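Here is what Swiss-Prot records for this protein:
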DOMAIN    4-200  domain 'DPCK'
BINDING   12, 13, 14, 15, 16, 17  ATP binding site
């Protein structure tokens, strides 16, 4: 198993911008959200299981998952949410492990929005948190998704607190400023992670 740097941050923090900056440096990026979409693509066994359990109305005419309908169905129903998690989490974990094993860069960047909520930081060698103020999160998300302040506040209330994320962080990128300010932080951390990954590999060798 290679060296894993987990990247997390709340909604609107700029995780994608940071991940893209690492990708530009040749680092393999493994995105938990993308994998979560892949395991329920048309034709996937998990999608058939969801249709069998929740009904065919969960599948759109083009064969894709009706995500909003599914979210509404499980939102106020813990049992149904648990059923869905029990179905999807092992598949997501399996595909994540596969992608980590296939990675060719000195370390991998594992982007996990719910790293703290699901205690997944224990599976990483290093945790990088993209930190912004709650007000910045609100403004960016309202602008990006064209949603109300109240809607974003509900999402923030359901996520781990800023303090909880920072408590598990080994490294922090302050992303309250302009997006182009990230490049120097990423370059500095990249050099550090290359060193850590090299040490990790040498320790792993018998």
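Cβ atoms are placed via backbone N, Cα and C, with glycine included.
Everything Swiss-Prot records as a feature, shown here on the structure.
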| residue | record | Cβ neighbours (10 Å) |
| --- | --- | --- |
| 12 | ATP binding site | 23 |
| 13 | ATP binding site | 26 |
| 14 | ATP binding site | 22 |
| 15 | ATP binding site | 23 |
| 16 | ATP binding site | 15 |
| 17 | ATP binding site | 16 |
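According to its DSSP assignment, residue 14 (ATP binding site) is coil. The ATP site is set by 12, 13, 14, 15, 16, 17; from the centre of their CB atoms, other residues of the chain with a CB within 8 Å are 9, 18, 130, 132, 140, 175.
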